[in-house]
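Okay, so here's the structure we're looking at.
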Amino acid sequence: MTSLAVLLSSCCSLHWCHLNTQSLETKFRLYTDRTEESCLILFNQLETLDQCSFNASLPLVMIVHGWSVDGMLEGWIWKMAAALKSQHKQINVIIADWLTLAHQHYPIAVQNTRYIGQEIADFLEWLEESIQFSRSNVHLIGYSLGAHVSGFAGSYISGTNKLGRITGLDPAGPLFEGMSPTDRLSPDDANFVDAIHTFTKQHMGLSVGIKQPVAHFDFYPNGGTFQPGCHIMHMYNHIAQYGITGIAQTVKCAHERSVHLFIDSLLHQDKQSTAYWCNDISTFDRGMCLSCRKNRCNTLGYNIREQRLPKSRRLFLKTRAHMPFKVYHYQFKIHFINEIQEKQVDPTFTISLTGTKQDAKNLPITLVEGINGNKTYSFLITLDTDIGELIMIKFRWEGTAVWENIWDTVQTIIPWTKGTRRPGLIVKTIRVKAGETQQKMTFCSQSIDNIHLHPAQEKTFVRCEDPRTQKTTHQNTIHLVKHLKNTELFYTN
Ligand SMILES: *[C@@H]1O[C@H](CO)[C@@H](O)[C@H](O)[C@H]1NC(C)=O
Ligand SMILES: *[C@@H]1O[C@H](CO)[C@@H](O)[C@H](O)[C@H]1NC(C)=O
């Protein structure tokens, strides 16, 4: 507490400071439903609550902006306020405008986050004392430095009860990364804390967004380092869209993506993005983490399932480059037998999916490692659209004429003993798990007489029971499984 007192006094020496507690540095703007308009609620002036039509029987969402370069409220703030109101009419939306202290050199603005956190805590205590507005009905949404402001508000509010929820949108990294939980946003700051990390790419040892988990659920879209559509190459699109401010849009694109992912969750109720618990993005990219058992997955954004767990959970997901951001995640597990044991095959495959609603054609598959021997490979495929239930898979080895030649050469070098049949890859089954539906499916080669795949060839796989579990229900499948077993015997003997 002493450190805070020192901080507050140093703050007073830097800025004009109202020792009169009636006035705060932060402007609390109640969003009025009209475009880019707000009504000022003044601390300790009850009549302003009525004048602004603050409805004490409805929850409060407070938007807290971050560091400001130009001293103006950024466009996303109004978009967020409008999205909250359009989807949840039964809500009060306040914008905590701390521009005067945010429009400073970064380290100064960082110092000011504690000060503003204290002011927000004071404001919420006043609401509680004057109109019995419970802090458990408060949801703070803080972007960048605003995420830490929200954290400080949650930890400075007096009493034992906590704020309802804090959402940190790409919480700022510099001067917060690696700090103790009391010096940054942390899970203790509210009953429930969630965070979305979108720009944690390191540059000279620093990253704009904080990398470490700071919440109960920490979301890392696309791994959290950078976001699709934010590459410098897209600057021209941004300039076309925003004019010359498009350059600034490119710079903060990945950082601000956290905000637009959250807005997306409000605007597209039917396109909620699911994220999955995983150790790291490379494991996720192999499709290994699509489980929803025991809180292993959750919904990104406003509609998250508020579940307190003893430890932070890092959740991963892929997204599109623009709204609606949702993609559908699938794990594919393919068992390959490479008949030329002496040679590692390094092929390119494409996969085409037929669903009950739609098709998805020619999706490229990149295997991290070449195909060697006899092994199961697992990878992640994401689709932009909902194809419905998967019913058929076409699997193609993208071979060129050159490849064919090499392949034929290989065959002449390595004598093949099984009659006239050329060696190739054997793909017997493809196992698929759909993250969004949690459905597991097995697909078997349609042409059971020829399970060999060669360059420039395509094979069709249809739904079948998993031959390993042999949970066979109808005759066709039994037949198919038997047939497969025989074929395997034939080829492996
Ligand atoms: C406040 O919200 C409640 C619940 O929706 C509603 O019944 C009431 O009329 C509102 N009060 C005012 C003053 O708008
Ligand atoms: C592939 O490996 C499995 C298990 O390790 C084994 O049962 C099978 O016989 C092998 N098949 C071939 C063709 O090597």
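Note that the numbers count up from 1, one per residue, in the order the chain is shown.
From the backbone N, Cα and C atoms, a Cβ is placed for every residue, glycine too.
TrEMBL entries are annotated by machine, without manual review.
Annotation comment: TrEMBL describes 1-17 as signal peptide. Among the features that TrEMBL reports, active site, nucleophile is placed at SER144. What TrEMBL records for ASP170, HIS255 is active site, charge relay system. The feature Ca(2+) binding site is assigned by TrEMBL to ARG184, ASP189. As annotated by TrEMBL, domain 'PLAT' applies to 328-463.
ASP170 (active site, charge relay system) sits 17 Å from ASP189 (Ca(2+) binding site), counting Cα to Cα. Under 8 Å, Cβ to Cβ, and six or more positions away along its own chain, the residue listed as 'active site, nucleophile' finds HIS65, GLY66, TRP67, LEU169, ASP170, PRO171, ALA172, VAL208, GLY209, HIS255. Averaged across the domain 'PLAT' (328-463), the predicted model reaches a pLDDT of 81. Its own atom aside, the Cβ of ASP170 (active site, charge relay system) has 30 Cβ atoms within 10 angstroms in the protein chains shown.
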